[in-house]
Amino acid sequence: MKVLNLGSKKQASFYVACELYKEMAFNQHCKLGLATGGTMTDLYEQLVKLLNKNQLNVDNVSTFNLDEYVGLTASHPQSYHYYMDAMLFKQYPYFNRKNIHIPNGDADDMNAEASKYNDVLEQQGQRDIQILGIGENGHIGFNEPGTPFDSVTHIVDLTESTIKANSRYFENEDDVPKQAISMGLANILQAKRIILLAFGEKKRAAITHLLNQEISVDVPATLLHKHPNVEIYLDDEACPKNVAKIHVDEMD
């Protein structure tokens, strides 16, 4: 597991955007696992700049989002469909829509939708890179504490802490969906390479637990210790004291 403090959200996001760009440039049929939320805004902004500057052919790139709120239509401003369109797919409108995969949070039968999305993941095979954030309680995707390590795509009851943390995106806390559809922990670990981003003081405790705690369902992110190729990029505020700062221009 590689852990790097790149000083700021902007610097870390730029570095990871370059990694995604290089993957798409050198592997035009690559499969990318994507994440959403406040952590990822600079990442997509930087990635869009790189894509527009170089007019990269992404017609054969496939994307797979981690999760979606249950009960929100794709057109809802707080849905992750809407987020991905606003942050990436409308900013660089050359991704092939048939290769964009995001769970449907407004399906009539959500358990059937979870099974359907899991089938897509299995049929498409390993993602080349999986992008992750981390919740204040150590969740990855929407896999809350207590989620079995062998879980696949499923419907999640969101914890009070997750609802409270996400309420800043809604008019009030009561508007935050109480459930989500999420890749399971087993799905996440199927990726060839995992890149986790964490920014801000509120994420420091979760990162500290991830790095120092034994593998436990109480902190789902600790499962990443079982994966052979994990990279964690932090800013100063999220970084535990024992992780040294490094500048992007010092990296390979």
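From the backbone N, Cα and C atoms, a Cβ is placed for every residue, glycine too.
Feature annotations, courtesy of Swiss-Prot:
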type     : residues : note
ACT_SITE : Asp67    : active site, proton acceptor
ACT_SITE : Asn137   : active site, for ring-opening step
ACT_SITE : His139   : active site, proton acceptor
ACT_SITE : Glu144   : active site, for ring-opening step
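The two recorded residues, Asn137 (active site, for ring-opening step) and Glu144 (active site, for ring-opening step), show a Cα separation of 8 Å.
Taking Cβ-Cβ distances under 8 Å and a sequence separation of 6 or more, the neighbours of His139 (active site, proton acceptor) in its chain are Pro145, Thr147, Thr159, Thr162, Pro220, Ala221. Same-chain residues at least 6 positions away in sequence with a Cβ under 8 Å from that of Asp67 (active site, proton acceptor) are, in sequence order, Thr36, Tyr80, Pro103, Gly141, Phe142, Ala180, Ile181, Ser182, Met183.
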